[in-house]
Amino acid sequence: MSTNFEKHFQENVDECTLEQLRDILVNKSGKTVLANRFRALFNLKTVAEEFATKPEEAKKAIEYIAESFVNDKSELLKHEVAYVLGQTKNLDAAPTLRHVMLDQNQEPMVRHEAAEALGALGDKDSLDDLNKAAKEDPHVAVRETCELAINRINWTHGGAKDKENLQQSLYSSIDPAPPLPLEKDATIPELQALLNDPKQPLFQRYRAMFRLRDIGTDEAILALATGFSAESSLFKHEIAYVFGQIGSPAAVPSLIEVLGRKEEAPMVRHEAAEALGAIASPEVVDVLKSYLNDEVDVVRESCIVALDMYDYENSNELEYAPTAN
């Protein structure tokens, strides 16, 4: 999961046509830097979200975004594309996401993100494919993501969503699981215990995670950091994602430690790099630079884009829109 780039790259789409944005996203020129491709992606997302008022343009934006799945070599970009499609709330994206989730030629990190996006869309028509992948996919992260997506769709449409009293979140993202409801009145130690209990359903552990995120204190951050000891790579990558959302320097030491784990799954390390870029505190620069030649593509690319984010956060630029090239 990856939303922490969006707040840095989203700009008004008036500067480019949809076709120009598509050409930037798919790197038609062969010369477009990765950061500009992300900028184009999030601009197209803005259009795709307007399906209620501009259905034809929104559908075209979905189609243009989906072109990235065809021949692109950047696993990082494709997984971000899947994430973005899920966040649009536009069900026109569901058929493409189902295809990507089931396509064994796509990288597991991309297929996992496609499954998560189907959960974010709340697409009931995807339940059969999600159940199939949850049982049969060869990669555990994809199976676990399908389990979460199934639970989220059932929570959305089964009545629980309307009955629970959830804290008003500071974050606009549609997450893999909702936070635990306020009526649970759990303390931070209790939430930490649930977070780290492998006997509990993954969906419930995620709910504890997002409740801790919404609390957002240093104590909650330290509780979340204990989740980096979990066995599940999917779970650990979500902890890193949450830290990027919170944006607190208190999370930096644990993120640096996780990024440095050479034996760790790439999806975890890359998410830690993104989170460090989103936090954008001065001490992260040298750390990110030290991984610019990392042997893992998604880690290296995440550091490149994270440093671009840092430069923007610490510049006086007022405009950060893509340019056609």
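Sequential numbering from 1, following the chain as shown.
Cβ coordinates are placed from backbone N, Cα and C, and glycine is handled just like the others.
From a predicted model like this one, the values you see are computed outputs, not experimental measurements.
Taken verbatim from Swiss-Prot:
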- Ser2: N-acetylserine (MOD_RES)
- 77-103: repeat 'HEAT-like PBS-type 1' (REPEAT)
- His79, Glu80, His112, Glu113: Fe cation 1 binding site (BINDING)
- 110-136: repeat 'HEAT-like PBS-type 2' (REPEAT)
- Ser126: phosphoserine (MOD_RES)
- Thr187: phosphothreonine (MOD_RES)
- 202-231: repeat 'HEAT-like PBS-type 3' (REPEAT)
- 235-261: repeat 'HEAT-like PBS-type 4' (REPEAT)
- His237, Glu238, His270, Glu271: Fe cation 2 binding site (BINDING)
- 268-294: repeat 'HEAT-like PBS-type 5' (REPEAT)
- Ser281: phosphoserine (MOD_RES)
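Annotated features taken from Swiss-Prot, shown on the structure.
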residue : record                   : contacts (Cβ under 8 Å, 6+ apart)
His112  : Fe cation 1 binding site : His79, His139, Ala141, Val142, Thr145, Leu234, Met267
Ser126  : phosphoserine            : Ala94, Leu97, Arg98, Leu118, Ala149, Ile153
Thr187  : phosphothreonine         : none
His270  : Fe cation 2 binding site : Leu76, His237, Val296, Val298, Val299, Glu301, Ser302
Ser281  : phosphoserine            : Pro249, Val252
(message) What does the DSSP secondary structure composition of the repeat 'HEAT-like PBS-type 1' (77-103) look like, as residue counts for helix, strand and coil?
(response) 23 helix, 0 strand, 4 coil
(request) Check the repeat 'HEAT-like PBS-type 2' (110-136) against each of 77-103, 235-261, 268-294 and return whichever range has the most CB pairs under 8 Å. (result) 77-103
(request) Could you tell me which of these binding-site residues, Glu80, Glu113, Glu238, Glu271, has the fewest other Cβ atoms within 10 Å of its Cβ? (result) Glu80
